[in-house]
Amino acid sequence: MPWTSERPSSTGSKSRESTTVTVTKRVGLESQPLLAQDGSALHSKDHEGYNTITMMKPERDPMKSAHPVMMLESSKNPLHSMSTEVQLVCFCSGWVMFLEGINGMSGLATSYFFKETLKVEPAVLSSIGSITSLPWTCKPLYGFISDAYPIWGYRRKPYLLIAGILGSISWFLMSKYVTTVFLSGICMTLGSGAIAVANVIAEAMVCEKSRGETQEYASRLQSIIYTGQAVGSIIAAWTGGYLLTFMSDRQVFLLVASFPLSLIVIAFIVPEERYHGNHVKERSEINDKLLQLWNAFKQPQIWRPCAFIFMLNATPATGATWFYFYTDVLKFSSEFLGTIGLVGSCFTLAGVFLFDATMRKASFRPVFLWSTIVSTILGLSQLILVFRYNLVLGIPDSVFCLGESAILSIVGWICTMPVLVLAARLCPEGMEGTMYALIMSINNLGGIVGSQLGAVLTTWLGVTEQNLGNFWLLVLICNLSTFLPLLFINWIPEDDPQVLEETTAQASEVDIKSGLV
């Protein structure tokens with residue numbers, strides 16, 4: 001809400017002429033004393049959700065002194081409108097997302113490990129990949145435990161510490177002792193769980209800073225931290241394929257095992273106040289909190305968008321079959337596969353900036369609608385590569401794959417960002433961590449269902465490492481199925497959910513006051 005000024009009042013004195021100005025602002029992100037243009041502090045007090053600031057300035061024009069304060073809202077640089085604490089939270093959360101991205105360095109090594117060492121088929125590799133993602137569907141549990149069970153008086157720091165230790169152990173075991181598909185699945189699931197826990201903590205901290213702010217501000221915070229993920233993915237893609245030219249897959253696993261250890265440092269520097277509540281009383285109220293979560297989730301304005309997000313991700317996916325097509329049919333090397341990943345990650349970052357620059361204020365429903373339509377149509381272009389029509393057009397396989405990776409990465413991330421922003425805006429006050437984790441778990445569960453359906457479809461079509469004859473049909477079905485969730489596009493809100501919530505609350509307050517008059 002913009003700064004507003006009440007009528008100024010003047011007080012006279014023989015020794016000093018001063019002007020008093022009261023400026024009122026919706027309580028937001030400022031956690032430090034604000035300064036006027038002359039460096040004097042603006043003293044404030046809170047009441048009924050607003051901040052009233054009294055300013056003393058030896059000027060005849062009181063608003064001249066308030067001008068720097070108003071500029072906080074209008075600055076185009078998002079960092080200018082954030083307190084030091086918010087910036088530090090963004091850095092720590094961004095680093096967690098960076099680790100999530102750079103953890104992808106193990107992606108190619110894992111694929112080669114399963115294909116060449118453990119000799120698994122495409123459908124099996126897709127199924128294993130989705131199973132190891134199961135910890136991401138338990139994000140509400142991590143968020144709930146973090147909110148309800150502080151450790152050493154902290155809700156966030158200890159869980160980051162635990163995640164760092166477990167993540168490092170899992171990849172160390174992969175590098176030294178794993179020899180079966182079963183043990184590989186266990187270790188990779190443990191490592192995935194560690195990253196998921198850290199992800200929940202990071203998102204919870206950002207949600208806390210987004211609550212009560214505008215959709216634009218919330219979108220900026222999401223863009224900032226997910227830029228970290230994109231940068232990590234770029235580095236992972238850049239080095240992942242190249243490392244395999246002189247390192248074994250197990251050596252890459254050992255390198256990846258060192259990354260989660262940085263979460264230990266993050267756990268110590270992330271700003272968090274020590275919790276001084278009654279643990280026994282809070283734990284006795286767990287059932288009440290779960291009931292509150294259920295009552296919030298079952299509201300149509302929450303469960304309907306969540307159902308749409310689930311359906312959007314639950315459509316069948318081609319999964320790991322592309323890896324077999326790239327290596328066995330197109331004969332791509334690990335280094336070039338890394339280059340494809342690098343291009344995709346770079347243009348994913350471009351997608352983040354494009355969304356932030358052009359669509360952060362756009363209504364949710366049109367963004368979901370058109371991004372889904374465009375991504376599906378572009379996805380069908382993969383059939384050109386499968387049928388090798390690109391060679392007829394004079395386009396080499398390598399050039400086509402690089403261009404396709406760039407375009408689909410931009411569109412794919414533009415499809416993802418509205419999900420992240422909408423999830424943050426749907427969170428009721430007081431349960432941001434748990435509710436956001438629940439919504440994102442639904443999103444991830446949809447992805448797992450889509451991968452499993454893709455694996456079943458791959459098996460049903462008879463697509464194997466030795467027989468890729470029906471691969472084109474798999475690609476066609478998976479892409480066209482993405483249109484199905486659009487039948488329920490009206491379940492996505494047209495307007496910002498928090499604006500609607502605040503408007504409804506204000507209207508109810510007016511009705512109550514009118515009834516009392």
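Note: Cβ is positioned from N, Cα and C throughout, glycine not excepted.
TrEMBL does not curate its annotations; it predicts them automatically.
According to TrEMBL, the region 'Disordered' annotation covers 1-29.
The compositional bias 'Polar residues' annotation in TrEMBL covers 1-23.
Feature annotation from TrEMBL assigns transmembrane segment to 158-174 (among others). Beyond the transmembrane segment (158-174), the same-chain residues lying 6 or more positions past its ends with a Cβ under 8 Å from any Cβ of the stretch are 96, 106, 142, 145-146, 150-152, 184, 187-188, 190-191, 193-195, 197-198, 201, 250, 253-254, 256-264, 266-267, 270.
Remote same-chain partners of the transmembrane segment (180-202), defined as residues 6 or more beyond its termini with a Cβ less than 8 Å from a stretch Cβ, comprise 92-93, 96-97, 99-100, 103, 110, 113-114, 118, 120, 124, 128, 131-136, 138-139, 142-143, 146, 156, 159-160, 162-164, 166-167, 169-171, 173-174, 225, 260, 263, 433, 437. What TrEMBL lists as transmembrane segment is 180-202 (among others).
Residues or ranges marked as transmembrane segment by TrEMBL: 223-246 (among others).
The feature transmembrane segment is assigned by TrEMBL to 252-271 (among others).
Look at TrEMBL and you will find 302-324 (among others) tagged as transmembrane segment.
The transmembrane segment feature in TrEMBL is assigned to 336-355 (among others).
According to TrEMBL, the feature transmembrane segment maps to 367-386 (among others).
The transmembrane segment annotation in TrEMBL covers 406-424 (among others).
The transmembrane segment annotation in TrEMBL covers 436-463 (among others).
Remote same-chain partners of the transmembrane segment (469-489), defined as residues 6 or more beyond its termini with a Cβ less than 8 Å from a stretch Cβ, comprise 304, 307-308, 311-312, 315-318, 321, 325, 365, 368-369, 372-373, 375-376, 379-380, 382-383, 386-387, 454, 457-458, 461-463. TrEMBL lists 469-489 (among others) with the feature transmembrane segment.
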Contact set, same chain, for the transmembrane segment (223-246): CB under 8 Å, 6 or more residues outside the stretch: 78, 90, 93-109, 112, 202, 206, 252, 255, 333-346, 348-349, 352-353, 355-356, 360, 413, 417, 420
Most Cβ pairs under 8 Å with the transmembrane segment (302-324), selected from 252-271, 336-355, 367-386, 406-424, 436-463: 436-463
The transmembrane segment (367-386) versus listed stretches 252-271, 406-424, 436-463: most Cβ pairs under 8 Å: 406-424
Distal contacts, the transmembrane segment (336-355) - CB-CB under 8 A, six or more residues away: 101, 104, 107-108, 219, 223, 226-227, 230-231, 233-234, 236-242, 244, 323, 326-327, 398, 401-402, 405-414, 417-418
